[in-house]
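Copied over from Swiss-Prot:
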BINDING   ALA92, SER98, ARG107, GLN111, TYR204, GLU208  S-adenosyl-L-methionine binding site
REGION    49-52  region 'Interaction with host proteins TAB2, TAB3 and ZRANB3'
Amino acid sequence: MISPIKNIKNVFPINTANTEYIVRNIYPRVEHGYFNESPNIYDKKYISGITRSMAQLKIEEFINEKSRRLNYMKTMYSPCPEDFQPISRDEASIPEGSWLTVISGKRPMGQFSVDSLYHPDLHALCELPEISCKIFPKENSDFLYIIVVFRNDSPQGELRANRFIELYDIKREIMQVLRDESPELKSIKSEIIIAREMGELFSYASEEIDSYIKQMNDRFSQIKARMSVT
């Protein structure tokens with residue numbers, strides 16, 4: 001079972017070069033051993049040092065970039081509306097689109113991934129008013145982290161974030177049950193089961209959810225047909 005961590009409601013601007021503190025500030029339960037490890041190739045874009053605990057933040061790549069991104073996010077930020085309208089999947093198909101649709105008030109919750117806990121966008125997001133993130137490591141990956149970003153000023157925000165995490169766990173459990181199937185079949189079968197509710201959580205238009213499920217079912221049929229002739 002995933003145990004994600006939500007950042008505190010108001011993360012204050014960080015005026016420190018301590019590379020351990022800035023991560024614990026947004027992800028308190030990160031394992032202590034994480035900081036005894038050498039920065040990986042993705043961390044090295046933002047910090048430099050023998051270990052993460054002894055590393056220094058890079059001025060241009062982290063400090064200045066986080067400041068630029070935070071300023072941009074503030075210009076795009078909008079208070080939460082009373083009602084949300086469906087969005088297109090295309091609006092959230094890349095990480096920036098995923099969090100931008102949340103902070104601009106288009107939807108209460110989104111999800112994206114980062115390749116480093118020192119990613120400037122993640123730290124900038126955590127300083128915005130009424131924005132929170134739940135963070136957990138992606139399974140079968142040594143460096144990716146799932147970020148669930150949501151609105152605190154919407155009752156739907158954290159409810160949807162928690163349900164997303166439940167569905168994420170359900171998909172993992174389904175894939176474990178189907179462990180004797182091919183990786184492709186496991187992925188498609190588990191996706192079909194959760195796709196509709198997941199799409200609704202992400203505020204996708206119903207016709208796009210229908211189209212995506214049809215696409216998954218068509219792929220499933222093609223694979224089964226291919227297997228039947230081999």
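Easy rule for this one: first residue shown is 1, then count along the chain.
Including glycine, each Cβ sits where the backbone N, Cα and C put it.
On the structure: features taken from Swiss-Prot.
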| residue | record | Cβ contacts under 8 Å, 6 or more apart |
| --- | --- | --- |
| ALA92 | S-adenosyl-L-methionine binding site | SER98, THR101, GLY110, PHE202 |
| ARG107 | S-adenosyl-L-methionine binding site | PHE84, ILE87, THR101, PHE202, SER203 |
| GLN111 | S-adenosyl-L-methionine binding site | SER98, ILE146, ILE147, VAL148, VAL149, PHE164, PHE202 |
| TYR204 | S-adenosyl-L-methionine binding site | PRO86, ILE87, SER88, ARG89, TYR212 |
| GLU208 | S-adenosyl-L-methionine binding site | SER88, ARG89, GLY199 |
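Within the region 'Interaction with host proteins TAB2, TAB3 and ZRANB3' (49-52), the DSSP-based counts of helix, strand and coil residues read 0 helix, 0 strand, 4 coil.
Other C-beta atoms found within 10 angstroms of the C-beta of SER98 (S-adenosyl-L-methionine binding site) number 21, with every protein chain shown included. Residues ALA92, SER98, ARG107, GLN111, TYR204, GLU208, recorded as contacting S-adenosyl-L-methionine, have a largest CA-CA distance of 18 Å. According to DSSP, GLN111 (S-adenosyl-L-methionine binding site) is assigned to a strand segment.
In this structure, GLU208 (S-adenosyl-L-methionine binding site) is part of a helix by DSSP.
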